[in-house]
Structures are given as C-alpha cells and as structure tokens.
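Report on the structure given below.
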Amino acid sequence: MITEFIDGLQQFHFLQNALITAIAIGIVAGAVGCFIILRGMSLMGDAISHAVLPGVALSFILGINFFIGAIAFGLLASILITYIKSNSIIKSDTAMGYLSLPRPRSHSDRVAKSSTDLFHILFGNILAVQDQDMWVTIGVGVAVLLVIVLLFRPLLLTSFDPVLAQSMGVRVKLYHYLLMVLLTLVSVTAMQSVGTILIAAMLITPAATAYLYANSLWSMMLLSSGLGALASILGLFIGYSFNIAVGSCIVLTSAIFFLISFFIAPKQRKNKHALSPH
C-alpha cells in the first residue's frame, strides 16, 4: 500500500500537487491556530468557514474566481465580529455564533447550480488541485508565516496580555484585525483540502495537541505546524489508498493525534495529579 502510494507520487502530477498543497496548508494552519487557541477564539475559524460559503456562491453567480468572494466575505465576517464585540455588551462567542447562522441552504442551492461540485466545496477535493491553486496556496502560506515571524513579539503580547500590550503602546486592535486577515486567508486556502465544514478542525486540532506539550509559543507553533503537516500526509495517504474523502481523513488523523496526546502528554498527566484528592 505504501509502495503504491510512493509509485503514485512518482507517476501522477495531481498527487504531487495534492501532497505539496496539503503539507503547506497543514503547516500554516497549525501556526495560525496557535494564536486562535491562545486568544480563546476557537469558534472564529468555524464562523469564518460559514461566512465564506455565501461569498463562494456569489462568486459563481458573478462568474468570478471563488477565492475573491470567499476572501471578501471572510474578512467582512471577522470585522463584524470584532466590531460587535468592541461596541456592545455582546460577547465574542455570541457574535461568532450569530454570524455562523447565515442560511447555508440558500447559498448551497446557488453553488449546486454552478459547474462546481458542492461536495468539493463543503468537504474539499485536494486531489483536483491544479498547478495555479498549488502556487497560490504556497504563496499565501509563505506570506502568512512571514508576517507571523516579523510581527511575532506584538502578536505574542496581544495574545497573552492585551492590557499589558496596550500599556506598552502596542496597537492591540490593529494586531487583532491583522490576525483575522491571516485567519481568513488560511481558511479560504484550506477550502481546497478539507472544505468549508472542516476548516475549524484543521486550525484548532493540531494547535490544541501542541498546547499539551509545548512550554513556549515558538515550540507550540513548530509542533503544531509539524503535526498539521504530518496529519495532512497521512490523511492523503489513507484517502488515496482507500478511495475515500481526503479532507475527512486529514481531520480524523489530526483528531487521533489529539486523543492520544490527551492521555499521554506530560502536562495533561500533571494536571490530573493536581486535580486528584489523594
């Protein structure tokens, strides 16, 4: 089975594109997911994944690239969530839940009438990734990682202690919006591998697993990116070998990593002992 997969990589260009794209998305989603976890915004990935679907539908209606509509609606959703949180007594999780409600059936009907398979939009179809899509994913991934590296310190401060960051003159809201832009970019590019439904799991699960082991944000990001890439490789292998949805296999593999780590991670075991009455 492994030999067949390796032979397929050597023979089929589409499988090479799928592997490179899956690894790129796994790495960048793992890195961005760490900041989402630390900020307590795990629902944001799910909210944006719901928000981009009407953007995809509108793109098909207008006959433009779905990437444009998805990015526009994703950014609009992230801005609205932040605005509602900052200018009302409504908490961010409530705003995220509200913006996750936009009648998916009507948007799905519009997409279903297009030439694109609705199943591929909802659950991804990484085996159909073209050269242009692969290079766009790599370009977005490199840009996102570069921004994180260059602005690591302010992103770190605003994630752990926004009040302290504000007192130090750091523009907390600016970096929050920047992170939302990065999250939207990653969510839209991840549509090709896992689809809109499973984007949140791709963002959160590797980061949550890494959180159980890491003692610093750098180590958490590196481990999360590594786990995301490994889950992508194994998920692609399983999906290709057994002819099942690759996106679901990637997410399921990542979930297995988390479940195993939940029971064996040193930090988790220490926490259990701390909670024990004996």
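Quick reminder: no glycine exception, Cβ is built from N, Cα and C everywhere.
Pulled from Swiss-Prot, these are the features on record:
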TRANSMEM  18-38  transmembrane segment
TRANSMEM  40-60  transmembrane segment
TRANSMEM  61-81  transmembrane segment
TRANSMEM  136-156  transmembrane segment
TRANSMEM  172-192  transmembrane segment
TRANSMEM  194-214  transmembrane segment
TRANSMEM  220-240  transmembrane segment
TRANSMEM  244-264  transmembrane segment
Selected stretch (most C-beta pairs under 8 A with the transmembrane segment (18-38)) from 61-81, 136-156, 172-192, 220-240, 244-264: 220-240
Most CB pairs under 8 Å with the transmembrane segment (40-60): which of 172-192, 194-214, 220-240? 194-214
